[in-house]
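Colleague: Handing you this structure, nothing more for now.
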Amino acid sequence: MLVWLFGWLGQYYAPFSAVSSLTLRALLAVITALAFSMIFGSRVIRRLRALKYGQAIRNDGPQSHLVKTGTPTMGGVLILSAIGVSTLLWARLNNPYVWILLIVMIIFGAVGWADDWLKIKYKNPKGLIARKKYFWLSMGALFVGISLYYIATLQPNVVTTREMQDLLLPIFKDWMIPFSAVPFGIGFIIFTYFVINGASNAVNLTDGLDGLAILPVVLVAAGLGAMAYVSGDVRFADYLHVPYIAYNSEVIIVCGAMIGAGLGFLWFNAHPAQVFMGDVGALSLGAMLGTIAVMTRQEIAFAIMGGLFVAEALSVMLQVGSYKLRKKRVFRMAPLHHHFEEIGWKETQVVARFWIIAIILVILGLMTLKLR
């Protein structure tokens, strides 16, 4: 929004034209979202307390977590508001990828909000009925897949259907999985569905300790932002052998907003947490990361960078599967972070060590760009 205003003002005073710079706008998006979170964070927490929107803690979880009962939840509303305001201010709003990401944020955020609200209303950590929850999450993921496919169909001068669909394989320069060989984009749409829903639920499962999920979200958003920058610049895309998709240039503004909003939220979510993001934050942030990975065609690199989220999700799948088949547990408790608590790690140790792993994984994911 402001990029057009400053562009017009630049006709009369040249320094205003600098705001059209993508890098500067990305930095301004970070600063705006961070400032928004810091300014309104305490007010949001007070309001959540006044509304008695306290977290319901599972009795079968770690006993040390029972002291967190009543800590305000649904703090993801603060994160999403900061992302929305910052993106609307600094992104070029004629870019369809920006709007797809904002719609994803709203859809998954609304599902998460309903889940959180039901947990609070009925004092039950189960929340929204699984069938209804996954129906709406599925609708959101299918919306992304269909939208991206038809953008490629209608505007082949921006991105071809082949570039949009085929899955890049890291390290191998010309190797791809040809989803474009499946008619009508069905292969691509189904794959997109699993990427986005998988990312959304994986981040949600990771959000179980103070600060654990939000910093890895920030780190992965930064990594994907770098990949969006490369993909949206014809010179870098050609040099690094990735598809050039012009719309990805503005995706970095959304990534910047996610970074700023996440860091601002971490200020209040660090141990001992004053607020939890809840499903409204975790489901939407995970879905946005998954969507950006699909937009940039870097799903495998995303799986590497978000390896912490992958490990948390796999730990739950293994635990449930093993218990159903063998009546035995693989871990003392799932998700994975609870297992380490059960073997004696303090909460702050688990969080700090998982953060270190997340940093390493993001660096490894970024290295795949050059290795191609």
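Just so it is clear, glycine is given a Cβ too, placed from its N, Cα and C backbone atoms.
The annotation transmembrane segment is assigned in Swiss-Prot to 21-41, 71-91, 98-118, 134-154, 176-196, 211-231, 251-271, 275-295, 300-320, 349-369 on the grounds of sequence analysis.
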Colleague: Would you say the transmembrane segment (275-295) and the transmembrane segment (71-91) are touching, if the rule is that at least three C-beta pairs must lie under 8 angstroms and be 6 or more residues apart?
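Modeller: Result for the transmembrane segment (71-91) with the transmembrane segment (275-295) is yes.
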Colleague: Can we call the transmembrane segment (275-295) and the transmembrane segment (176-196) in contact, meaning three or more C-beta pairs below 8 angstroms at a sequence separation of 6+?
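Modeller: Between the transmembrane segment (176-196) and the transmembrane segment (275-295), which are separate recorded stretches, there is contact, as judged by 3 or more close Cβ pairs.
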Colleague: Determine whether the transmembrane segment (251-271) and the transmembrane segment (21-41) share at least three Cβ pairs under 8 Å, counting only pairs 6 or more apart in sequence.
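Modeller: Yes, the transmembrane segment (251-271) and the transmembrane segment (21-41) are in contact.
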Colleague: Hey, which bits of the same chain come close to the transmembrane segment (98-118), Cβ under 8 Å, at least six residues off its ends?
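Modeller: For the transmembrane segment (98-118), the nonlocal Cβ contacts are 53, 73-74, 76-77, 80, 83-84, 87-88, 91-92, 124, 127-128, 133, 136-137, 139-140, 143-144, 147-148, 196, 200, 204, 250-251, 253-254, 278-284, 286-288, 291-292, 295.
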Colleague: What else in the chain is close to the transmembrane segment (349-369), if you only count residues 6 or more beyond its ends and a Cβ gap under 8 Å?
Modeller: 170-171, 209-212, 215-216, 219-220, 222-223, 226-227, 230, 240, 242, 271, 300-302, 304-308, 337, 340-341
Colleague: Restricting to the same chain and to residues at least six past its boundaries, which positions have a Cβ under 8 Å from a Cβ of the transmembrane segment (176-196)?
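Modeller: Distant Cβ neighbours of the transmembrane segment (176-196) are 104, 138, 140-142, 144-146, 148-149, 153, 161-162, 164-169, 287, 290-291, 293-294, 299, 302.
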